[in-house]
Amino acid sequence: MSTATLERESATDRDPGPRRLLHGMTWLVWRQHRGALWTGLALVAVLVVAAVLLRNAAVAHQAAHGIAGCPLMGGPERCSSRLEVIEEYRGLYSTPLRLLLAGILALPFLGGLFVGAPLIARELEADTHRLVWAQGITRERWLLHKLALPMGAMVAGTGVAAWFGSWALEGAGQATIGLYWYSPTAFVSTGPAVLGYAALGVALGAMAGTLTRRTLPAMVLTLGAMGAVTALLTTIRSHVVSPVVSFGRSVPQLREEDWVLVQPQAARADRTIFDAGPCYPADDFDACLADNGASWEYSEHHPIGHMRDLQLAEGALCLGLAALAVTFVWLWMRRRAF
């Protein structure tokens, strides 16, 4: 054997390579899920690039036409003469922005389907978990690595995409683009709530895989569970943080970006809503309200300052549900014979 050959083999032995940098269970999890990781990174990269391009184009368009900060209705005087320009702006950028935010919102669902569901189900389906356990790896250590690494990567990637999505929405201008933070598309995908959803998707997928022990049924179950949880949290979203209640003689001044839950309505002194329908035909509407003791105005809203509080609260609920799912998987794997 030549000296050159020996030198090449020696260099190969000294080359750390991915297995030297990632060893043991960490290396095994990387080998098993590297395809999903690279696919996820590519998807996040596409979303980030789209967010950057969309924000830059939207900001430039607003600056060129003088509509920055202009709502469609009720804005300052400089905006009232540019209503057609604002409509054109919305037509150009509203749909791309909604698609971007929908793509970010889809990440936790994709993570649950293609990362969480096969995470344990594929191992149990192929009986490859027995080979790992036979090497002296405890169930607890195996499960810790199987869950922690993919879940951490999923949360990190989704968080990056969400930050850029929020940045794009801020540049587009909520009132100008007509897409507000409390809309179903924007609420989760532009704040910390999406981090909780990302963790929950992986956790529910792992739980479904543990129960079904089959990859395809686990994916179906994960999709149904994520859909049900999302629908439930959307229903209770406005009540997680107490709204601002306005009660007085005059209609409160609200910002364009405020989330109005109860429009200003006539009310009595005990804060009960009065049906003003019978007073509309009256000659003096205000006098009719006063005769019925309904000379007050009642409304409920979340100001834009509640945005992060609501998003954090929903994210915390998702993390709590994810913790329950992981605990279930942990106990199930320890006590069941596989």
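Think of each number as a place in line: the chain as shown, counted from 1.
Cβ from N, Cα, C; glycine included.
Outside the transmembrane segment (35-54), and at least 6 residues removed from its termini, the chain residues within Cβ reach (under 8 Å) are 93, 96-97, 100, 103-104, 107, 110-111, 114-115, 150, 153-154, 157-158, 160-161, 164-165, 167-168, 172. The transmembrane segment feature in TrEMBL is assigned to 35-54 (among others).
Residues or ranges marked as transmembrane segment in TrEMBL: 99-121 (among others).
Residues annotated as transmembrane segment in TrEMBL: 147-169 (among others).
What TrEMBL records for 181-204 (among others) is transmembrane segment.
The annotation transmembrane segment is assigned in TrEMBL to 216-236 (among others).
TrEMBL lists 312-333 (among others) with the feature transmembrane segment. Note on the transmembrane segment (312-333): residues 120, 139-140, 143, 147, 187-188, 191-197, 199-200, 202-204, 206-207, 210-211, 229, 233, 237, 240-241 of its chain, located 6 or more positions outside it, place their CB under 8 angstroms from a CB of the stretch.
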What residues elsewhere in the chain lie close to the transmembrane segment (147-169), defined as a C-beta under 8 angstroms and at least 6 residues from its ends?
26, 29-30, 33, 36-37, 40-41, 44, 47-48, 51-52, 54-55, 58, 97, 100-101, 103-104, 107-108, 111, 115-116, 119, 177, 179, 181, 186, 189-192, 194-195, 197-199, 201-203, 206, 326, 329
